[in-house]
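Peer 1: Handing you a structure now.
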Amino acid sequence: MTKPFHLAWFNSFAPPAWASPFAGDAGNEWFTGEYHVDIIKQMERAGFDFIMFEDSTFVPETYGGSSEIALKYSQHAPKLDPMALLPILARETSHIGLVATASTSFYPPFILARLMATLDHLTKGRVGWNVVTSSEDIAAQNYGMDKLPDHDVRYEVAEEFVDVVKQLWDSWEPGAVVMDRETGRYADHTKVHPIHHRGKHFAVRGPLNMPPGPQGHPVLCQAGGSPAGRDFAAKNATAIIATNPVISKMKEYREDIRARAEKFGRDPDDIKVLFQVSPVVAETSEGAKKAHHQRFGALSHAQIEQTLAGISSTTEIDFSQFDLDAPFPQDLKTNGHQSILDDFMKRNKGKTLRESIEERSQFGPPIFGTPAECADRMEEIVEEVGGDGFLIMSPSTRRYIDEICSGLAPELQRRGLVRTSYPQPTFKQNLLGH
Amino acid sequence: MSADPFHLAWFAADGFGVKSWGKTFSGRGGQDWADPALWIDLAQALERARFDFIIIEDSSYMPDTYGGTSEAYLKTATATPKMDPSVLAPLMSHATKKIGIVPTMSVSEHHPYGLARTINTLDHMSQGRTGWNIVTGSNDNAAKNYGLDDWLEHDERYDMADEFFDLACRLWTSWEEDAVVLDEATGTWGDFTKVHTVDFQGTYFSSRGPLNAPQSPQGLPTFVQAGGSPRGKKFDARAANAIISGVEGGPAKMKAFRDDIRAQAALAGRSPDDVKVLYLISPIIAETDEEAWAKRRRQTEFAEAHPEIGLLHLSRHSRIDFSQWDLDEVIPEGTTTNGHRQQLEQCIGKTPRQILREGFGQGNFEIVGSPDTVAAQLDEAMEEVGGDGFLIASRDLNRRYISEIADGLVPALQRRGVVREEYSHDTFRDNLLAF
């Protein structure tokens with residue numbers, strides 16, 4: 001019997017699939033957050049642990065040296081600030097976790113600590129922070145820097161950043177708020193402490209000017225692939241998001257993270273590794289197979305362009321310069337996501353670029369079929385990998401979300417593989433089951 | 001004769017923190033301070049009363065100026081705790097349709113790109129009802145939370161604010177209005193030829209741009225500011241759409257302040273009517289004048305029994321420890337600060353007791369009475385001042401006070417025809433500049 005696993009949804013505060021035949025008016029209405037209110041209610045009904053909003057803060061110009069393709073397909077831009085969306089989503093739901101991405105390269109730690117603590121109050125203990133270090137110099141230039149520090153230095157900064165933020169969350173002892181009507185005493189100043197942090201990258205006096213929220217420390221989420229990133233994730237994260245289409249590699253990755261966590265003195269079960277998948281669900285097997293082929297097989301010119309533009313902005317290498325039918329280049333270097341690039345080169349040795357992007361256009365192992373068939377496949381994958389669940393990622397329409405939330409998820413719930421209730425008061429406790 | 005129609009707005013003093021607690025009509029204000037429900041109620045009540053906007057004040061440090069310790073601040077929940085208003089604002093706009101919501105954000109703490117992005121998002125989400133209360137930071141404890149020993153010197157902070165403002169405006173307009181084309185036939189979402197880098201290189205900030213989101217409904221958010229010093233006024237005259245002003249000295253001084261701002265705005269090439277000067281007041285309202293004055297007496301007695309509460313704010317704003325003087329000792333000439341200058345200057349030559357009795361910021365302009373009495377007072381004051389309206393502030397914020405204003409005072413003002421009965425536009429700035 002496969003043990004139950006977790007579901008989460010990977011999202012952006014960005015235009016949904018506006019040109020899809022089932023887009024409705026999403027192209028215009030997404031700005032207000034109402035679209036996201038609708039979809040998160042579906043996800044909560046379907047037993048999702050959380051919705052995660054990835055984020056970035058630039059308009060890509062790597063592909064072809066201009067923003068033309070990125071803006072044509074609304075790819076990586078525009079994105080609105082997910083922090084402002086979270087309170088609305090919290091107001092309209094009761095249990096599901098809400099994760100926003102924020103970069104340790106661009107926020108002052110005091111602002112981020114305060115923002116997350118405020119959101120933890122506003123969500124009543126349901127907020128998470130997806131920690132990213134950012135990898136694009138073009139984003140750094142928006143924030144007044146010429147370029148980002150080197151990859152490993154960014155992780156060093158991130159370590160100190162997370163340390164400072166945790167100190168700020170701990171700067172009010174439990175019981176600091178006394179609220180004594182008799183003496184008129186609201187809080188006890190002997191339980192509120194400056195942190196006086198003076199490190200290599202940050203100096204922060206503290207204390208935080210507010211008590212921490214119900215979770216104390218919000219859930220930390222991370223997506224480290226490189227050795228430095230994996231160590232960071234194993235040390236700090238409660239949820240890890242990972243991308244790999246090969247099941248044996250998924251297993252290897254999860255085991256590596258768990259081993260590293262143990263090395264840092266953590267219980268490996270306190271880290272949930274969630275793998276990106278893009279299930280294609282239909283009423284019949286045939287229909288699903290066809291839909292899957294349409295989405296990921298024989299790519300159209302537009303799909304190829306979008307995929308290459310996406311890779312270009314993540315790796316900061318202009319893929320428009322390569323011949324689609326020549327062998328995949330093997331000597332690429334970036335100060336961006338080097339681990340993604342290395343993995344990408346290694347996996348595609350001997351293939352042409354065109355062949356490689358067919359695989360790249362989907363983020364995890366192929367899953368398609370009727371709800372029962374997809375559930376079978378997901379069950380098998382978790383059985384082989386060992387845990388801990390999936391992060392659904394797909395162009396967003398209400399119809400697709402409904403296929404997952406009213407088709408696939410109920411099937412998984414019937415099998416006892418996905419939660420039907422949220423027994424604990426906070427996101428972190430629900431995720432960890434204690 | 002009545003004043004020309006004027007504007008009403010709300011100044012949520014002490015920000016997203018503990019409001020009224022432990023008093024007769026505080027409700028569960030102490031326990032539920034982190035629940036946004038009171039704020040949503042405030043926004044809905046004031047929209048019912050056709051207010052222009054609500055400012056959520058903010059600061060991001062633990063004050064300890066008074067007596068050199070945070071004890072009294074924490075004991076009385078004064079100026080702390082405070083949570084981040086940028087994530088309270090969307091909840092207030094989500095629950096309303098017309099009223100403007102104005103979070104406070106400091107140019108000394110944020111990078112222009114991050115701030116421009118947050119405000120742009122809020123303006124999209126509120127469909128054109130977001131403002132930005134521009135502050136430059138005054139207390140050095142805040143600077144120390146951001147890796148600095150102190151902020152820049154007072155006037156230079158405004159030089160930096162000027163540059164911040166220019167850069168942020170460039171980012172907000174880095175997408176032309178028609179950059180989003182949504183052309184299904186060609187599969188084109190946006191037209192890259194209408195999205196431009198800003199390539200800004202200043203003394204304090206640089207940014208490449210463009211912003212990674214399209215122009216919001218207002219394009220530029222509505223700007224609110226409270227600079228009372230000469231340098232602050234100069235900034236206001238070029239940037240602000242609404243100015244937060246004290247009423248020290250009564251209508252004559254209020255008029256002089258407004259005339260000065262309008263003249264400076266004209267010099268800066270703006271129409272003076274595009275800058276609204278709003279005066280902070282905390283009316284004390286009851287069913288009859290007599291009851292209102294009885295309430296006023298109870299408040300004075302409480303303030304006299306707890307003098308430190310009034311001095312806590314004064315200390316943190318001015319960065320001068322007011323616990324160093326006896327309550328009857330005159331604050332000496334020559335006391336200076338790198339904090340709020342205007343406030344300190346108004347204290348010199350007075351004793352702390354005197355300052356407290358005058359009710360700081362309220363000066364000799366006392367607004368006490370039944371709704372009709374107060375409405376008449378405000379009408380008369382506006383007639384003398386010439387415009388542009390009032391900002392209601394209460395540190396002891398509870399639902400009872402909100403209702404006294406929204407359901408008592410405002411209908412009385414509406415009966416006199418001096419405040420709006422309906423919003424005439426959809427966006428915040430359009431409503432603010434409509435009269």
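Just so you know, glycine gets a Cβ as well, placed from its N, Cα and C.
Computed from a predicted structure; not experimentally measured.
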Peer 1: Can you find which of B:Asp58, B:Asp273, B:Asp274 TrEMBL lists as binding FMN at the same site as B:Thr104, B:His154, B:Tyr158, B:Ser229?
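Peer 2: My reading of TrEMBL gives B:Asp58 as the candidate in that site.
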Peer 1: Hey, of the binding-site residues listed (B:Thr104, B:Ser229), which one tops the CB count within 10 A?
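Peer 2: The largest 10 Å Cβ neighbour count belongs to B:Thr104.
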Peer 1: Mean pLDDT, the domain 'Luciferase-like' (B:35-388)?
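Peer 2: Mean pLDDT across the domain 'Luciferase-like' (B:35-388) comes out at 93.
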Peer 1: How far apart, in angstrom, are the most distant Cα atoms among the FMN-binding residues B:Asp58, B:Thr104, B:His154, B:Tyr158, B:Ser229?
Peer 2: 20
Peer 1: Within 10 Å of the Cβ of B:Tyr158 (FMN binding site), how many other Cβ atoms can be counted across all chains shown?
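Peer 2: Summing over all protein chains shown, B:Tyr158 (FMN binding site) has 23 other Cβ atoms within 10 Å.
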Peer 1: Checking interface proximity: list the binding-site residues among B:Asp58, B:Thr104, B:His154, B:Tyr158 whose CB sits under 8 Å from a chain A CB, in sequence order.
Peer 2: none
Peer 1: Indicate whether B:Thr104 (FMN binding site) is helix, strand or coil by DSSP.
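Peer 2: In the DSSP reduction, B:Thr104 (FMN binding site) maps to strand.
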Peer 1: So which one is it: of the binding-site residues B:Asp58, B:His154, which has the fewest other Cβ atoms within 10 Å?
Peer 2: B:His154
